[in-house]
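Enquirer: According to TrEMBL, the domain 'Biotin carboxylation' annotation covers 41-491. The ATP binding site feature in TrEMBL is assigned to LYS157, GLU241, HIS276. As annotated by TrEMBL, domain 'ATP-grasp' applies to 161-358. Per TrEMBL, the feature domain 'Pyruvate carboxyltransferase' maps to 569-838. Marked as Mn(2+) binding site by TrEMBL: ASP578, LYS747, HIS777, HIS779. Annotation comment: TrEMBL describes ARG650, THR914 as substrate binding site. Annotation source TrEMBL lists N6-carboxylysine at LYS747. TrEMBL lists 1110-1185 with the feature domain 'Lipoyl-binding'. The N6-biotinyllysine feature in TrEMBL is assigned to LYS1151.
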Amino acid sequence: MLGAHLSRLGVGGTHYRRLSPALSFRLLQVSNASSSVEYRPIKSVLVANRGEIAIRVFRACTELGIKSVAVYSEQDKMHMHRQKADESYLIGKGLPPVDAYLSVPEIIRVAKENDVDAIHPGYGFLSERSDFAQACLDNELRFIGPSPTVVQQMGDKVAARQTAIKAGVQVVPGTDNPVTTAEEAYQFCVKYGLPVMLKAAYGGGGRGMRVVRELNEVKESFSRASSEAEAAFGNGAMFIEKFIEKPRHIELQVLGDRAGNVVHLYERDCSVQRRHQKLVEVAPAPNLDQKVREAMAADAVKLCRSVGYENAGTVEFLLDNQGNYYFIEVNARLQVEHTVTEEITGIDLVQSQIRITEGMTLPELGMSQDKITPQGCAIQCRVTTEDPAKSFQPDTGRLEVFRSGEGMGIRLDGASAYAGAIISPYYDSLLMKVISRAGDLHASAAKMNRSLREFRIRGVKTNIPFLLNVLENQKFLNGTIDTTFIDENPQLFQFKPSQNRAQKLLNYLGNVLVNGPLTPLATGLKPAEIYAGIPPTPAATEPPRGFRDILVAEGPEGFAKAVRKHKGLLLMDTTFRDAHQSLLATRVRTHDLLKVSPFVSHNFSNLYSLENWGGATFDVALRFLHECPWERLEAMRKLIPNIPFQMLLRGANGVGYTSYPDNAVYKFCELSVKAGMDIFRVFDSLNYLPNMLLGIDAAGKAGGVVEAAISYSGDISNSSKTKYTLQYYMDLAEQLVKAGTHVLCIKDMAGLLKPQAAKILVSSLRDRYPDIPIHVHTHDTSGAGVASMLECGYAGADAVDVAVDSMSGMTSQPSMGAVVASLMGHNLDTGMDLSVISQYSAFWEQTRTLYAPFECAVTMKSGNADVYQNEIPGGQYTNLQFQAFSLGLGDQFEDVKKAYREANMLLGDLIKVTPSSKVVGDLAQFMVQNKLTAADVEANAENLSFPKSVIEFMQGYLGEPHGGFPEPLRTKMLKGLPVVEGRPGSTLASMDFPAMKERLVEDHGPRITDYDVLSSAMYPQVTDDFLYFRDKYGPVDKLDTRIFLTGPKVGEEFEVEIEKGKTLHIKTLAMAEDLNVNGEREVFFELNGQLRSVMVRDQEAIKELHVHPKVTPGAKGQVGAPMPGTVVEIRVKVGDEVTKGAPLVVLSAMKMEMVVQAPCDGVVTTLDISKDMKLEGDDLILTVEPK
């Protein structure tokens, strides 16, 4: 029977055996039909489009047994749509990207040369061009869409409007004919009033649409909209209509055939729009009155019948809140959102288009109106490469990662959405359409939400965060939205930014491999290739109680009493801070500190405290280790809950090198206690009492233990030294006790406290203050540290400083093991186990080798008693060495030490501890670098340009030194600069923390915390740099130290635990030898078993290439490209004065134009672009010097 039918249709039996099952079934359908419409089967279809819609049509063709043919522009040669077709051909060689797809002759040529039967236009481009439809017919090619006459009639919005009026369908008041000039638009608005809607007369999709509310904006808006329409549709004519406030946008899907049958497939709600471009569509429209639904559908069918509409189309209406609806246009083509209609009706619209073009009628396809019923609810979200946080600016680049969200009830329509795909600036920003289907709106939204959350897209920004906010908005879920939904719900733009940690870490590793270490290394030594063995700790057991438990229970006073009652000598372990500051330039990372923290907590619970924060560790963590010091403190607190933490607080200098407003110091102490700090060792670099009193008060009010420190210098056992005498220290101690200190500390920062002097000072303090705990801090630079600390214990000190053996000695603290062993059996016995100390030491002995690039032992092989002469603090000694090397003075370090002594005397023999020690060190380096003696400095001070730190010291910004400033040297150095009288911070205006946080959030995003604000208060530029670095490279603090410093080897496999329960497995695969045109190398990794790659600009190689400069993060006045695109207009020149918000440049990308505005009032000083130049995101456009 089938053979007979095929014979009637002119298809022989032999040919039939070569037909696909799909085509055979179609022929059988037609053979049973009684329609008079001629049926001509289609054997091949060319899609005159690109992207996901082209692939959508190809898939329909494949299912129908039809050959598919793609066309592609030169820019799309790597695009997926050409690979999905059976055949693909280049068009528009030498033409601009969009023009290639608008070239009717080129498309017709390809179709004729390759035996194509029909052309599907997709949407956009030529889909609503009647001349294209006619050209197809003129060349004996079938156009899969309405007839050219209907395309022209419906595509011309004025003609469509007149047709609707004739058909009895209500329309919005507007122009009778297309408008082609800005002056015509202006006159219409003057006559009919505002607001109005400007719309492209020959296209849709939101391109060329503008709402104008002010008369002075009409001409500029018309020009921009017309330009967009010209670029998108080849015709810039506009249609103007009255703007209806707060309508719903409802559209009806229709299908018509050549026999005059027209049906509707129900409606879609497209009210979630941005710039009149749809983002989310729902079918059927929720909460739509049934009478309105039926009336709209009837009008849509009536209108289409009146013009003899055939094939697929969409009739669009605006629905006001009174239930009145107005026809706005007919899209005589397939719509982007056709998918939701397919999902609720089960009808394949693309296949239906093809079958209707072949000559099948709707009844033959089983489509009578009574048989079409909607089932459930479908939602479509358009995932675009746009940044909703920046007004939906298009983003382009390479998809470094792409992982979609699939599963039951989810349909994905995409094109080039895969890792490695290039998102170009030439076309629409649509990346993928995600369609969900379920029983109702809530269930469908839940599926969509789940799917979008599964997506992982890296390399370009997407609108997914915005879509998720829409899907979780109660108005959307209730189905009560209109076209102002986005504008009236600013909370939709409050995003929790994606962390993108894995890809950022790969970018960091790639940068280290290509460009070398991203933290400066002090020596040529490399980190050891070992993994330090971590001593075992009992699993799932609480650590023993320690002094912190007493502190928490009884407060600072109870803690101090418990310390005094303790029988043995207590120890403070400096391994976590001062030891590595002295030996390894403060470079030990949180990663390694946390490894051994549980062991310390379980085995050293009887420590007086653990020194682990403050001082140089704060800014070094931010500046060089690229990690947050506050996060370090919180992490250590979780792992060590039982041992008190101690920090260095530089009095009114906080943890910085200058004076701060008082409120900054108080707030810093408050947050420090919140993060886990217990004991504040408060000192001043000059023993300047007013500065210390502020720090004491701030630490006390924060709830911390106040340990006021006397910074020790000189030698009280030497009667010839008369500046810093025993009486001087006793008088200072008296003031500190009166101020309410809980503990007295002797801070011997250079290791100058000889055993005899220790005995004199400690015994004198103990005699005068029998109830106050005494703690002694020292350095072992001379090698006499153990002897001095033992003498302190014998004289009545309660606690002394030590470092674990492998991190002790030289400029660090005395050996823990030596002190413990020396007191065994004595009444000051520490109660510590040497074998446990040995395990602790073994860990640090191995770990220390990871920090070989910063190892002080490179230049300092042993302790040195010349410290009694130069008085260089232990924590500064190694840093001074590394500074000398960086300044080219490495072989002159002995000269630097001598100059340090001379500089100290020039400045008046200072108490030397950070920041005063830095002043002395800077002056010493300055003297050696310029070959100056002390006499030279004194004689020529008026003619020399001294380091900033020296000048600020002389001005009084650190306070007043004991004995006053050296004159006349001070006067000569300052050359008339103002001086500060009294405590510097007392005259400084309070910091505005909310304003600081607002600025940081503006610059760095919403993840800014109060901790970040205080970091910025102490170190503004360093904190900015850290935050930029963290945003770019992610949690680099989670990397193993060797890999962090020098990167992995090719072929190396390693793991990174980015948080509990989330571990990345990374393997370094290869690095490309060749550069691309941007001076980048591709570095390949395997991440959790999947291939990943990153593009890294080779900073050395690009010196020989011309690469457009980028905006410097944080640089004021620099204006960067907000999106990739082409410069279409430059409105300023160098020397022009501009006001904030003034238009500077017009960019075009993805068929959207954007005006780049001036960031401030000022003068244009550089112009780094030219017309038609193609820019990447953040490329430097120009610089404005602020007024």
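Every residue gets a Cβ built from N, Cα and C, even glycine.
Remember, TrEMBL labels are computer predictions, not curated facts.
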Enquirer: Please report the distance from the Cα of ASP578 (Mn(2+) binding site) to the Cα of ARG650 (substrate binding site), rounded to the nearest angstrom.
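Expert: The separation of the Cα atoms works out to 14 Å.
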Enquirer: In the domain 'Lipoyl-binding' (1110-1185), how many residues does DSSP call helix, how many strand, and how many coil?
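Expert: Result for the domain 'Lipoyl-binding' (1110-1185), in helix, strand, coil order: 0 helix, 40 strand, 36 coil.
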Enquirer: In this structure, which of the binding-site residues HIS777, HIS779 has the fewest other Cβ atoms within 10 Å of its Cβ?
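Expert: If we count Cβ atoms within 10 Å for the binding-site residues HIS777, HIS779, the smallest count is at HIS777.
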Enquirer: Quick one: which residues besides LYS157, GLU241, HIS276 have a Cβ within 8 Å of the ATP site's Cβ centroid, in sequence order?
Expert: GLY174, MET197, LEU198, LYS199, ALA200, MET209, PHE239, ILE240, ILE328, GLU329
Enquirer: Which residues, sitting 6 or more apart from LYS747 (Mn(2+) binding site) on the same chain, put a CB under 8 Å from its CB?
Expert: ARG681, PHE683, ALA709, ILE710, SER711, TYR712, HIS777, VAL913
Enquirer: Just name the most isolated of the binding-site residues GLU241, ASP578, going by other Cβ atoms within 10 Å of its Cβ.
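Expert: So among GLU241, ASP578, the binding-site residues given, the one with the fewest Cβ atoms within 10 Å is GLU241.
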Enquirer: What is the separation, in Å, between the Cα atoms of THR914 (substrate binding site) and HIS779 (Mn(2+) binding site)?
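Expert: With distance taken Cα to Cα, HIS779 (Mn(2+) binding site) is 15 Å from THR914 (substrate binding site).
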Enquirer: Could you state the CA-to-CA distance between LYS157 (ATP binding site) and ARG650 (substrate binding site) to the nearest Å?
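Expert: Checking the Cα atoms of LYS157 (ATP binding site) and ARG650 (substrate binding site) gives a distance of 74 Å.
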Enquirer: Tell me which of the binding-site residues GLU241, HIS276, HIS779 ends up closest to ARG650 (substrate binding site) in space, Cα to Cα.
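Expert: Checking each of GLU241, HIS276, HIS779 against ARG650 (substrate binding site), the shortest Cα distance is to HIS779.
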Enquirer: Validating a neighbour-count step here. Other CB atoms within 10 A of the CB of LYS157 (ATP binding site): how many?
Expert: 26
Enquirer: Give the sequence-ordered list of residues that share a chain with HIS276 (ATP binding site), lie 6 or more positions from it, and have CB atoms under 8 Å from its CB.
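Expert: The answer is MET197, GLY206, MET209, VAL211.
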Enquirer: Distance between HIS779 (Mn(2+) binding site) and GLU241 (ATP binding site) at the Cα atoms, whole Å?
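Expert: For HIS779 (Mn(2+) binding site) versus GLU241 (ATP binding site), the Cα atoms are 82 Å apart.
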Enquirer: Most Cβ neighbours within 10 Å: which of the binding-site residues ARG650, THR914 is it?
Expert: ARG650
Enquirer: Taking the residues LYS157, GLU241, HIS276, which the record names as binding ATP, find the longest CA to CA distance and state it in Å to the nearest whole number.
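Expert: Maximum Cα-Cα distance: 16 Å.
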